[in-house]
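S.K.: Pulled from TrEMBL, these are the listed features:
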{"type": "REGION", "residues": "32-132", "note": "region 'Disordered'"}
{"type": "COMPBIAS", "residues": "81-97", "note": "compositional bias 'Low complexity'"}
{"type": "COMPBIAS", "residues": "108-127", "note": "compositional bias 'Polar residues'"}
{"type": "TRANSMEM", "residues": "178-196", "note": "transmembrane segment"}
{"type": "TRANSMEM", "residues": "208-232", "note": "transmembrane segment"}
{"type": "TRANSMEM", "residues": "244-262", "note": "transmembrane segment"}
{"type": "TRANSMEM", "residues": "302-324", "note": "transmembrane segment"}
{"type": "TRANSMEM", "residues": "331-347", "note": "transmembrane segment"}
{"type": "TRANSMEM", "residues": "367-393", "note": "transmembrane segment"}
{"type": "TRANSMEM", "residues": "515-542", "note": "transmembrane segment"}
{"type": "TRANSMEM", "residues": "580-597", "note": "transmembrane segment"}
{"type": "TRANSMEM", "residues": "631-653", "note": "transmembrane segment"}
{"type": "TRANSMEM", "residues": "699-725", "note": "transmembrane segment"}
{"type": "TRANSMEM", "residues": "732-753", "note": "transmembrane segment"}
{"type": "REGION", "residues": "843-905", "note": "region 'Disordered'"}
{"type": "COMPBIAS", "residues": "855-876", "note": "compositional bias 'Polar residues'"}
{"type": "COMPBIAS", "residues": "888-905", "note": "compositional bias 'Polar residues'"}
Amino acid sequence: MEEEVNQRKRLYFPAEDVMTLSQKRVWAVKCAGSEASPEGETGRGGRPVLTNMEEGPQGSGGGREGSFSSLYLSMEDNHSSRAASTSTTASTSTYATDDPTDIPYKHANTSIASEAASSSPQSLNEGSSSPSFMSSSWEMNYHEAAIFLEEGENNDKFNSHPRDRSALPAYLVTHNHWFYSLDLFAALLLLSLAIIEQPAVFHGVPVGVHASIELFGLFLVGISIVMHLRWLGPRTYLTHRRSAVKLMTWIVMLVDAVVVISRNKTHFRATRALRPIFMVDNRYLGGVRRFLRQILQSVPPIMEIMVILFFILLIFATLGFYLFSPNQKDPYFSTFGQGFVSLYVLLTTANYPDVMMPAYAQSKWSAAFFIAFLSVSLYFIMNLMLAVVFVVFSDIEKEKFRKLLVHKRRACQYAFRLLVTSSRPTLISFKHFRGLLSFFRPGTGDKDALLIFKALNRSETGMLSLNEFYSIYDMCGYKWRTKEPPLPWFNSLPGPIRGCCYLIRRLVTWKWFDYFIYCVIILNAVVLITHTIMLSAANISISHDLHITWDQITVVSIYAVEALLKIIGLGPWKYFHSGWNVWDFIITVLAIVGIVAEEFSDSFFYIVILRPLRLLRLFRVRKRYHAVFQTLVILLPRISSAIIIIIITYYFFAVVGMEVFSQYDMKNCCVNTTVEQFYKDDNTTLYPDYYYLNNFDNIFMAGVTLFELTVVNNWFIIMEGYVAVTSDWSRLYFMTFYLVMMVVMSVVVAFILEAFTFRMEYNHTVMEDADRDDNTIRVRVTLKKNDLQVIHSTIFDPRALQQLTSIFENKESVAFEGVGQRTKIVLQRRMYRDEIPVWISQADRDYEDSPDLPGSSQSPIMNGNEPIPTSTPASHNSRRDTPPSYVGSLNPNGSLEGSSSILNT
């Protein structure tokens, strides 16, 4: 042990005589700690744990899910319980013994009891000289600062921030991934009940069974509601509209389920359509909630256009009634109501030209009426609606980005106050930054924490100012690796094999090799299309073995050789890191499996015919398509949210449709109506139309029917069929569904248009990114050997120190690169870089006028009269003068770049 201590001392402190007393004390504690720690008190990675939470920022060992039992004690209990061990632990505390002035500038809300929240903040400073008190205070500050940052990241309002220690347990429970998963499970369980409830997909399930399952799901949802009430309090919870709606829905559905299970008999239960509310409220579906909010925000301008549209419908329906009702052979305008419905359907072009033909047969001039109607309503008003939605959606996107930017900035300000000391209230040391990351990003290692800190510390002072701290959200999203190019995987192989692998590497990276593969893909497509046309022209029945020919086997063999050569030349990791290579590999493997398996079963020929999908690779040749595919990648989360919204809309209308229409049999219905022939199921028609299958007999068939209504081709036939078996009021259901889906689809189209137009404007504004074939951003940081002193004085894990030391073997510095995803937020930050300072300045002025601070007005960290530090004077030791930045200085990639050296802690 003594030899190991001496070796580590020589590494970090070559001249022991220049060590300060504090450094010697800390070094002695760290070297002796691995032996002094009693058995059973080891933390993560085998490092010794200082009892009573005096270990430092890593003491919790598990982020939010860690043990916080001692945090729930009162300050007096904490102080008294540690008094006995103060004499033995004071020498090992990293909070008080290193620096007597290391006292928190502000205390966390969760460090005080609820009954003391309104007391004087000075009461919290009693006993602050105790090392154990400082240890606990910093631990609580780290935790609450992480909560602030997460509230900024998730766009949660600060009025839901824990106000005292009593609210912390419920907050921790409700912000646990296990709790999120349980809540999502309960929501999906309630949604899936539609499969076994009448009208059911699987018949025969007793009412008591599915009613009991429903009560169990509602019980799980009720746990979520109770925990949120415990955390937020009844007043805050009920003033939150989404939470209030969820509570009211839960009460109504609970009463409904109790009635069903008590009667052991189902009844008209349209309330089942409200079940998606529980799923939308889940934490994992934040994107769905944001998309739904944007739809609701787009409704007011859409309604204005709707008023104009219905006004035009009324005018033309009135004219149509007077012009065409005298014609006894025209069933479309026999009454004013029928004329309005006919024109409403005509708006979707589903009944054109059928609706015009009776009038057109009587007078050719009647065509002018329908042409005028379609020109005004379809080609002008509907496109005007899309244009209005697009403009509104674009403004909403920009405003959402501005608010999120300001919200994150405010969260950083709140967190910053909890991480600075009373002696240096405008700077954060690495020790406290590391403590923050132990809660905010529990999985962050010590090396990554140091790299993040250096990337943020553009002033190279070794301390973070608030302006530098604002970029913590960006830096925590990077994955770090050494900048030096790694040696090829075959570097350790014998000479001849290594030489062959090197030649293969040069071959597969040669541009003409890719051009050859492109030619093979094009030739394969030409041969396949020619072969298909010849089979179609010869009117030969398709046989599964016709698709396996010698030319196809040759092409698949070339694809397989290409994949094998690239895996050998580039290495498996680099090969499969490319999405295009993964796509080619999957198609090639499926083709090979299909060819081999078809020898045993003809059904595998469907896999073989997937080979033309490889043609998508040709889009890689054209640089103009790069922006298209990059935009699609960025759009994928939003598209998934839009799909979930559409499914939820379908679920709502499907349940309502089943409750209203499931009891009607549509076979051979609608006698003596205009749609009778479509529902016939007898021998009177040569080609039956099978429209009786478009029904609401179960949740899946109702979904198919609603999709047909969305497509709008002949959707009025389905509507008129149910009108014939029920009443004219049934049209309200179908017409309302069309209006809702028109709004939803308009917003979906608008956000796709907005994404592509934004990307085109971005490429035009930021010319240096226009031709990039990369959807990542990179940050470069240089780590020097003396920077390990920071790690050395902050962690206790010898293995972590040894791992970091091995990086600097025969080197004084190592360059690292952080790689992150180029999200739309990154693009927006570059796009609006000229407007961001104005937004931030206005937000700071608004904050000074009316600070919206979480917690009570008496809260020790929330004194609205105290100014928030917004800038730090440049240090004389700084090697470069970095101007103040609101969101961080951005390089051409839209990210921060720094190569700083940490000077102190």
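Note that the numbers count up from 1, one per residue, in the order the chain is shown.
Note that Cβ sites are derived from N, Cα and C of the backbone, with glycine treated the same way.
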S.K.: Let me check one thing: do the transmembrane segment (631-653) and the transmembrane segment (367-393) come into contact, meaning three or more Cβ pairs under 8 Å with sequence separation of at least 6?
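M.R.: Contact between the transmembrane segment (367-393) and the transmembrane segment (631-653): absent, because fewer than 3 Cβ pairs are under 8 Å.
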S.K.: Is it the case that the transmembrane segment (732-753) and the transmembrane segment (367-393) touch, counting contact as three or more CB pairs under 8 Å in which the residues of each pair are 6 or more positions apart?
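M.R.: These two segments touch.
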S.K.: Most CB pairs under 8 Å with the transmembrane segment (208-232): which of 178-196, 244-262, 302-324, 331-347?
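M.R.: Ranked by Cβ pairs under 8 Å, first place goes to 178-196.
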S.K.: Would you mind listing the long-range same-chain contacts of the transmembrane segment (302-324), meaning Cβ under 8 Å and 6+ residues beyond its ends?
M.R.: 330, 332-333, 335-336, 339-340, 342-344, 347, 358-359, 366, 369, 373, 376-377, 381-382, 384-385, 388-389, 739, 743, 746
